[in-house]
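Annotated in Swiss-Prot:
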type	residues	note
BINDING	GLY333, PRO334, ASN335, THR336, GLY337, GLY338, LYS339, THR340	ATP binding site
DOMAIN	711-786	domain 'Smr'
Amino acid sequence: MNEKILKTLEYDKIQQALLGQVVTANGRQLVQAMQPLTDPVAVQQALDETADGASALRLKGGIPVPQLENIDPALKRVDIGAVLNGQELASISRVLQTVSAIDKFLTDLQDQIDFRQLYTLQESLTVLPQLSRRLKTAVDPDGTLTDEASPQLHGVREQIKSIEGEIRGKMTNYTRGAQSKYLSDPIVTIRDDRYVIPVKAEYRAKFGGVVHDQSATGQTLFIEPQAIVALNNRLREAQLAEVAEINRILAELSNELAPYTGQIKANAAVLGHFDFINAKARLAKAEKATEPLVSADNDVLLRDARHPLIDPHKVVGNDIPLGDKYQAMVITGPNTGGKTITLKTLGLLQLMGQSGLFIPADDESRIGIFDEVFADIGDEQSIEQNLSTFSAHMDNIVHILKQLSQNSLVLFDELGAGTDPQEGAALAIAILDAVGEVGAYVVATTHYPELKLYGYNTAKTINASMEFDSKTLQPTYRLLVGVPGRSNAFDISARLGLPGVIVERAKSMISSDSHELNNMISDLEKQRKAAETAYEAARRQLADAQSVHDELAAAYKKFTTERDAQLQQAKDKANTLVDKAQTKADKIIKQLRQMQLTNPGTVKENQLIAAKTALKQLHQDEPLQKNRILRREREKQALHVGDEVKVASYDQTGTLLEQFDKKHWQVQLGILKMKVPTDELKKIKSSKQSAAQRPVVKVSGGGMSGPSTTLDLRGERYDQAMADLDQYIDAALLAGYPSVTIIHGLGTGAIRNGVTQYLKRNRQVKTYGFAPQNAGGSGATIVNFK
């Protein structure tokens, strides 16, 4: 992008605002190097990064990037074998700690926020935990080495503290004891790195020792008393040892950094990028900016676009469309109406968007991707100072025409001004034609009436104007697309008190065509205002409807959530009760089994049926949908005399003998005939086949013959197989078998899986597993009981 346009549109002031948001040296470099991008993919990626930063700012207060100095010079010194000082090591330590903090920050958010680019940027970080801990332990943030930097440093510092304590104790005797009267002041100070006391010159001989300094008047001598000379010597030796150890540690730490300088430098650059993203997000928040859509076809639509350098309390937002149905817009109308500001707003927001910045415009605004943006705006002064002077720069226009392409955006302010009006209008039309022939996009402002007709008659060109309030005689600074500007001179003059005779005489002097054109423009303005009023009413109604819809959706979501929670709570409670009852049932079965083992022949079939319950059938399935399917399936089944059914309350299979009424049937269960409620009956299909395959436990008053140690479920339907398995396991338990074999075959695996799930839930099963290969392999399961 050419440098001239960046200056003309005050792009540098956006950079200055962004610089106020960065906190790292690398971040500042990225802001200073920021330029509008021309690759659509790169533009979208830059906008994605800003969107990620905005999400992090909104949800977590931003990416945790602290102030970081430029560590590149320090790393270069390490590369040549130099020893870094404490401040340089502290700066590098902060970089490494920040890398770890950001890596953890983003890792923790991976299940919460779907960032578009930050996770990819995170992959560029190299976390160096050991080196980071070493520096953090050894170096304080101010660059001072800590006592934990080495045992030797800790020891020598403890020695220094001890000696200093001895010195302070002896010095206290001088400042507070009998000899304090010989001192100028009862204080202890330091001269030449040694502890001294201020002695009156005439009492020099009272203390002996060494004189290190004297006052300006010579009346006070700073004396190191003889009694502490040895202590000061020991202190000095310890201090020198401390310095030597510090230098050794600094060299050691510098050597430890040497293998990682490239990774640390790359980390610092990535942290600068995170800082840059943070800054873009903060600037967007400050400007109430939004993410623009990117149009590869240069279909620009800025909604309620505001210039970012104008006071937000005074700026007027405008909708600025360009590129969809027309590539040229001619804005006509009087001066000081906001035409120049509109041009600059379009140009600057386009540059900001192509730089990956959010723009001060409403949601769903679109920017294009232009290779170049050119402008001929005569004043080139700060719009913050509200200065608008207009002059023609034909040399600049010639330069623009030589460089533009079909992917250029051109902004002309007061095109053709500064010369004879007739010639200026002709030049303006010719220049616009030249731009149109290339296929470039152009917005031009002018006050020449001839260009109004140009806007009507030229393909892909539309007129526009800046609104003027004829009642207040003030511009509103609102852009009216599709409506050319009209002169308000007659209305303004009349309202300011110009005699009506003069106004009417002036009107008679203009051509009828001009008069009709002004009337037509006036009618267009009225129609536009009516359309705007209708649009606003419709928009408000739509917003109200959307609000009601959102409230209803939220209420419905809350209802369904609470309903499901209550149903789940009820199911959990029911399952708890069923589990307790199941435990009791297991105890009963165990007792029956014990009775059969200790006293055969005492267990009757009616006792077995009464002990065996259908509590497992009452256990609620987790998915609610499954229960509904089962209920619907039950409703479809019609019962008839002779049908083989399963009695849910006893978990037994029987035959229907007679229907008493709609709610009860007589069922043959073994040797018993029982009256059973209809809703406890389930019809079993292919009953003859099932009856032939079902294992039978023969029970009589005098004894009970045990079932086989093998159950073959092959060929059965799933429901019948599960019922047979349940009955067989109970019979095997009552028979006292230590283990049995269930043959289920391979097939689709449905029955095998059902067997596995059943055995997993049964409390009487100790272990289970597939049979050996020579005994059926995965087609059979061996069950061991407790």
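Each residue, glycine too, has its Cβ placed from N, Cα and C.
Cβ neighbours of GLY338 (ATP binding site) (same chain, under 8 Å, six or more residues apart in sequence): VAL316, MET466, PRO475, TYR477, ARG478, LEU479. Taking all protein chains in view, 29 other C-beta atoms sit within 10 angstroms of the C-beta of LYS339 (ATP binding site). Around the Cβ of GLY337 (ATP binding site), a 10 Å sphere holds 26 further Cβ atoms from the protein chains shown. Using a 10 Å radius centred on the Cβ of GLY333 (ATP binding site) and all shown protein chains, the other Cβ atoms total 25. Within 10 Å of the C-beta atom of THR340 (ATP binding site) sit 23 other C-beta atoms, taking all shown protein chains into account.
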